[in-house]
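Peer 1: For ARG20, GLU79, LYS119, LYS445, the entry in Swiss-Prot reads (6S)-5-formyl-5,6,7,8-tetrahydrofolate binding site. For 215-371, the entry in Swiss-Prot reads domain 'TrmE-type G'. Sequence annotations record features per position, and here Swiss-Prot assigns GTP binding site to 225-230, 244-250, 269-272. Summarising the annotation, Swiss-Prot assigns K(+) binding site to ASN225, SER244, ILE246, THR249. Annotated Mg(2+) binding site per Swiss-Prot: SER229, THR250, in sequence order, evidence recorded as sequence analysis.
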Amino acid sequence: METIFAQSSAFGKAGVAVFRISGPKSLEVLQLLTGRKDFKSRLMYYQQITVPETKELIDNVMVVYFKSPGSFTGEDVVEIHTHGSKAISIMLTNALLNIAGIRLAEAGEFTKRAFLNNKLDLTAAEGIADLINAETIMQHKQAIRQASGKLEALYNNWRSQLLKILSLLEAYIDFPDEDIPDTVLNEVTNTHTILVNTISEYLNDNRKGELLRSGLKLAIIGPPNVGKSSLLNFLMQRDIAIVSNIAGTTRDIIEGHLDIGGYPIILQDTAGIREESSDIIEQEGIKRAINSAKTADIKIIMFDAEKLDSSINEDIINLIDENTITIINKIDLIEASKIFSIENKYKCLRVSVKNNIALSSILKNIENIAENMAGFTETPYITNQRHRNYLQQALSHLTAFSLDNDLVLATEDIRMTARCIGAITGVINVEEILGEIFKNFCIGK
């Protein structure tokens, strides 16, 4: 196995930068950089590091050596903590590249080696990637649980039950003349039924884990000049959309990212929807707005308190569902009695975006819907389409299983189910998917 290195921290100015080296030559490389031979595992040392050929000083650093297998990758590992300077990073990188037998790591290669050395399974590796990419508290909770092995434990439990069924069935096949009790087949049937129900229910999760991982899409919908862009700017706490009293100012979808109650929200301000427009570009914007609303996880539909009759058209009303927040904007410009019937019919919130009236109620409603759609529970959810695909295949094989069929074919259904579950955690040969998983990591991880 080659020795690899990379800067694990972000490149640029910082208090500290961390370089990681992994592989059989790690300790030798450290000795070349420092001129010291007596490093003990798991002790931090304050050292000078120099360019091996010229002895030019690179930096005063902290270094630590982890002897195999007691490291993240399971190999000999060295970490070098330098000052966070671009010049130091470049000098150290060049010095390492000039040492024979060491190369720059590929994206995710350290974690890939940890997997190959049985330090973690594939779900934990994916959890680490999600942890690095987590931007909200709820994303962190989900990722840290997965990185800690909770998904692995769940899938391994199912696989263990399948392997037990497999062993009982193979005993029937291999020893047909033996007097095997009927209770054995009863156990197979009962376990099979439980697994079918459990995996079916698990798949019927409304993609909560995947929504939390990727973010919930929220579309702001309404007629032109109702205050959609002003609401987007309020939610983002900065001006990212042009606000104008000219109808049709927003022509395309404007997007921003937000953390509401720990949930990742992808905000989309859309073109105003109206029934008639002679502007070809605006017509395309309206088409995109409707499509955006149809694919959104959460919708905010805005009505104009001064123009309720024109605000409410069929295209907009048809978009309302259980995950829609309807609001009447500009309530400061009209008497409450004039909007009472519409407010009750569509369960609207009364707000004024311009004057910051009741806007906190919008945030609370978004958080409540997000919690219902992607709320954190004790049972780990599916977080990745790869897992879902294998679980659907597993359920297909499991559903096909029947003791009324040929016993050899029934056994093969169980074997294929176990293989699908094993492919999620990586206990079977999954070389063809490793590149796809680890390419999404950053260099140095």
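Every residue gets a Cβ built from N, Cα and C, even glycine.
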Peer 1: Sorted by position, what residues of the same chain at least six away from GLU79 ((6S)-5-formyl-5,6,7,8-tetrahydrofolate binding site) have a C-beta under 8 A from it?
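Peer 2: Once residues fewer than 6 apart are set aside, GLU79 ((6S)-5-formyl-5,6,7,8-tetrahydrofolate binding site) is near SER8, VAL18, PHE19, ARG20, ILE21, VAL63, VAL64, PHE66.
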Peer 1: What's the CA-CA gap between SER229 (Mg(2+) binding site) and ALA271 (GTP binding site) in angstrom, rounded?
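Peer 2: One finds 9 Å between the Cα atoms of these residues.
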Peer 1: Please compare the binding-site residues ARG20, LYS119, LYS228 by how many other CB atoms fall within 10 Å of each one's CB, and tell me which has the fewest.
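Peer 2: The binding-site residues ARG20, LYS119, LYS228 were compared, and LYS119 has the fewest Cβ atoms within 10 Å.
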Peer 1: What is the number of other Cβ atoms found within 10 Å of the Cβ of ASN225 (GTP binding site)?
Peer 2: 19
Peer 1: Reduce the DSSP letter at ALA271 (GTP binding site) to three states and note it down.
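Peer 2: Going by the DSSP assignment, ALA271 (GTP binding site) belongs to neither helix nor strand, so it counts as coil.
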Peer 1: Determine, to the nearest whole angstrom, how far the Cα atom of ASN225 (GTP binding site) is from the Cα atom of LYS119 ((6S)-5-formyl-5,6,7,8-tetrahydrofolate binding site).
Peer 2: 57
Peer 1: Between LYS119 ((6S)-5-formyl-5,6,7,8-tetrahydrofolate binding site) and LYS228 (GTP binding site), find the distance joining the two CA atoms and give it rounded to the nearest Å.
Peer 2: 50
Peer 1: Hey, what's the Cβ neighbour count for SER229 (Mg(2+) binding site) at 10 Å?
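Peer 2: Step by step: centre on the Cβ of SER229 (Mg(2+) binding site), count other Cβ atoms within 10 Å, giving 23.
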